Amino acid sequence: MAIIKRVVRSKAGQAPVKKGAKIKKASYDSSRKKEVGVSDLTLLSKISDESINDNLKKRFEHGIIYTYIGYVLISVNPFRDLGIYTDDTMKSYQGKNRLEAPPHVFAIAENMYYNLKSYNENQCVIISGESGAGKTEAAKRIMQYIAATSSTHSESISKIKDMVLATNPLLESFGCAKTLRNNNSSRHGKYLEIKFDAHFQPCAGHITNYLLEKQRVVGQIKNERNFHIFYQFTKGAPEEYRQLFGVQQPEQYIYTSASQCTAVENMDDVEEFNETLNAMRTIGLTKSEQDQIFRALAAILWIGNISFVENEAGNAEIRDKSVTTFVAYLLEVQEELLIKALIERIIETTHGAKRGSTYHSPLNIIQATAVRDALAKAIYNNLFEWIVERVNNSLQAFPGADKSIGILDIYGFEIFEHNSFEQICINYVNEKLQQIFIQLTLKSEQDTYKKEQIHWTPIEYFDNKIVCDLIEAKRPPGIFAAMNDAIATAHADSDAADQAFAQRLNLFTTNPHFELRQNKFVVKHYAGDVTYDIFGITDKNKDQLQKDLVELLSTTSNSFVREIFPDQPQTDSRRRPPTSGDKIIKSANELVETLSKAQPSYIRTIKPNDTKSSTIYDDQRVLHQIKYLGLKENVRIRRAGFAHRQVFEKFVERFYLLSPQCSYAGDYVWDGETLDAVKLILQDASIPTTEYEIGVTQIFIKHPETLFALENMRDKYWYNMAARIQRAWRRYLQKRIDAAIRIQNAIRGKSGVSTFRNDELRNAGDKVYGGKKERRNMSLLGLRGFYGDYLSCNESKTRGSYIKRQANITERVLFSSHGNSLHAMYGGASQRLRKTFILTPTSLWIVGHTKARNAMKYITDYRIDLGKIRSISVTNLQDDWMAVNLMDSPKPDPLINLPFKTELITRLTQLNPRIHVKVSSTIEYLRGPKKLFVVKSQYSDSAPKYHDLYRNGTILVRHGNPPDSTAENRPAFNNEDMYGNLMEAKHKTMKKKVGTKRTPQALPTSSLAASAAQAAYHPKGIRSPTSTEQKSPSKSKPITKTRKPPVSSPVRNTSKTISNSKVYSAPKASVTKRTQDTVSVSKTSVKDDVTQEKNAIIQTEEKQNYSLPENIPQSSQTDSYQAAYDFPGSGNPSELPLQKGDIIYVSKSDPSGWSLASTLDNSKEGWVPTSYIVKYNGNVTDPSAQHQDMNTMKIQEDNTTSINEPETHTNQGPSNTDLGANLASVLAARANKLRSESEEDISREEDDDDDW
């Protein structure tokens, strides 16, 4: 048993000392789920767009949305809440590296924060993907993790963290909107920097805004919405705002109702409006500032309700002047100036350096509507920029905030039916991000291989620099430069500017990534070809508010409006003002420069479908994204040299269990260099050297299958350790069961109850063949009993009970045993298969054995109703074959080979007397319907000595005992003889281990047998009488003609001979006087005892010496004896209680260990334990010195015949009863020997690997 082994081993040497303080102890992750697909695309066996898509789809269908490509995270939008952003989930990623937890956005955040603290380098995460793929959600989760993970020790730090988190709902309200593809689409780009102090606590922040889609303010396509804030404000505005600003429901405003979508499923605008107000308060916006913000929003909504009619001259006029009156009230300007600005345009002419004339040109309805929308867009754009700047002021950096983590959340790549200036700007920025992604990824890989001195082959990839130059270049001019030239040529006329731009596009026709079509042009982006409309594109690029509107807003008495429009028109400046294209190019290049200064992380988001369904995975849609995101190229780059790499410490921490030299009982014990530990692990795991390379600080593994093999071996380590503990525990339980059975047998023997209760069944077995079949030697032994349930199926926690459960057997088992069944194969061949045969009161079960996943499974092959058995066919020779002939069964008749066939047949005939037993030289049975097969039998000297041989339909067997042979009589020996010495040896072992002096104690009132049973079930709960010093049990020497008295020996006799007579041990007590004959006990180990007992048993079996000792004169009835111990008795009236020192007469000694005694006055008589009394010679005698005489007396009473005086027997030779008794003793000894050897073999097998 494993527990004993560890105790023994600890005597020889202590366990290795734990080493490697940096290496964490390995632990079994019970929460680990079964891997779906691969968690890292670099581990795919085949690299293709289709295999990547299949892996992502498989994980998406199982609710797993995150996958790695090395350190790049792939995120598939689930369109539902998966419950994976809880506080417990966050805690599970804290302090763990990428391989220690499943892919997750929290793992990216943890890696950035760890690198910030460890290497003191700025970090950034680039989140890319198309609209609706989940970029904004990923950014929010990163901010959530960093705020929760970074420690907080002051109120100011906590306030900054709250303010950083509050920017999310605020900027989402003003910068996000519902589109056809996404309910919360970012219509602007932002780069949020969270800055940290020297203690790596967030102490400041800064937001950079990129290109707000202001066109959405004045118009949206059907089923899309304006920015969220308009619907939140119109639905959730308090009564105060409704009175001051005239706020109505969104259906009352053209800007919020024209697209016929004012509500979004699963979005509560009123609740989100309250969150927006809370975010404003958290950031520090005052009540006055909030009022001014909502006043401007109300002005925008009412501006949208200004409508025009055509007058008689064909010019525009205000349809309802009450609307313009209210707008003038909100903007705090004069109504007349507002109306003029909307329906007239001021035109100035110049003559050289002289001032020219000024004209007021009336506008038509289309032109007036454009001016109205331009005013609304300008107010909202400037309001949004003011909010961003106000947030940055609140997040003002404290001194020492020089390190940061940047989070880029920018609009994704867009392809619509009609694409204009906004789309080319958005797609240009994504091209720049794709360019920096490729450059930084390749650069990072190259730097890693160079630093680690690893050689690799560069991989080819598409460099989209040519597309970026096509859009942003100045010499030769790109698309934006051509657009600026067209505007400068025809500044006042938008149509003329569009035509001039179309002409300049002819310069790009030679570019392979450009195509010019009628009134349209195509740019072949990395994400796909996009067709842009030329009409109106130049006007959107101007980014200038008309002079009329600027002058109007400059007259306002509202300080907030003047604040958001600070710039005054420069009428005398001849320098061309920057266009929107110029601004976006400048912002994109600044962004690239900022990202290049930080250590980047990447999140690539994917949108699974266009219907926002949580169950649909559109393969073609995702395949397109996989291609334009370049995931296949990214995988190839990552795997160009090696599929997996890890620093030495983390590799050892993960796999040190695979090396016995590095681990002991789950602890890391290697005290050498970590590099040497890496080499040992790879060597002990049998990983070929061609599968890896070792760098300076990292181990590089070439193929994913190698990593899979390492992970599989690590997983099996825990399984093997659990299985080993289970085996040890089962052995321990089985030992207790065996001990209980031995004690029960001893109790039954002492009480006169026969251990063998199946004598009548055994005798019936002699008659079952009718004297026609030869018998085996083992079948005729007197010790042979029909025990029935040999597999202990009716017991609990046994293999038999496990088989019974597997076969779904619910009845009580009458017979169970292992055997074989002949299975007919195609072509006439046959195969012997191992089976288990179980007999119940109604059925015969044949259970097959099947091995699956290194575990044995038991499946029912046959369930035969006893009433369906017609006959049993056996041969007339001593073989073990029998055929069960069935009645009208579609299945073939079973042909069985079973050592206990006679017992099974006997039980079958008793349960169903109509079963006929056919004994013949052949066995006939049906192999199939109407397919009779005959098995012959014949003698053969080539057959095994104790078995038979089946060959080509013939049973070969040796000659057996005559058919009329009957079994020997049951041996008349007591079970206590067999097991008594074993229990005594156990007590001796315990006393040797303890080694402390104890005074003799009286036995408890319960009987000795009951005490022994208690000791078996509770080994530590019983204390037997012990002595201070013990003598080794003396050994009887081989019998000679002149008998020598037994002599005590200080050392156990190592002679290879042993007498057949039993030496009964008795409890020993401490003595007050030592004689010269007594010898001090030898401190012999338990192992020596077992070895000598085994040698003695082996010698006995070799010599087959069944001799009995010489007769010894019987003791007279008047012999006097003295009580050596107190014997209070168990309360049985047949016992005679004694106190130590009492003198008694002994008239009879029984082999069971009891003596019939009486007091000196013959007033009381009863049974006393023989081992508790010694021969009385008139002095106080040492009990130990008398025990040999008592044993001699018992031997004399046990054996009524001496081999030295055979003439005294009536029959020549030993009787059957005496021979059976001695043979039974030898068989019992052999059984104990085999059991001991089996246990030692099991222990020997686990000595090498018992490291748990």
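Heads up, the Cβ atoms here are built off N, Cα and C, so glycines get one too.
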Annotated region 'Disordered' segment (source Swiss-Prot; candidates 1153-1202, 1203-1252): 1203-1252
Region 'Disordered' according to Swiss-Prot, located in which of 548-578, 579-609, 1106-1136: 1106-1136
Helix-strand-coil residue split for the domain 'SH3' (1116-1178), DSSP-based: 3 helix, 29 strand, 31 coil
Per-residue pLDDT averaged over the region 'Actin-binding' (404-486), given as an integer: 84
Output field, ATP shell: CB within 8 Å of site CB centroid, site Gly129, Glu130, Ser131, Gly132, Ala133, Gly134, Lys135, Thr136 dropped: Asn77, Asn182, Ser185, Ser186, Gly412, Thr605, Lys607
Cβ-Cβ neighbours of Gly132 (ATP binding site) (radius 10 Å): 24
Residues in the region 'Actin-binding' (404-486) grouped by DSSP into helix, strand and remaining coil: 47 helix, 7 strand, 29 coil
Densest Cβ neighbourhood among Ser131, Thr136 (binding-site residues), 10 Å radius: Thr136
Same-chain residues at least 6 apart in sequence whose Cβ lies under 8 Å from Glu130 (ATP binding site): Arg181, Gly412, Phe413, Glu414, Ala527, Thr605, Lys607, Gln625
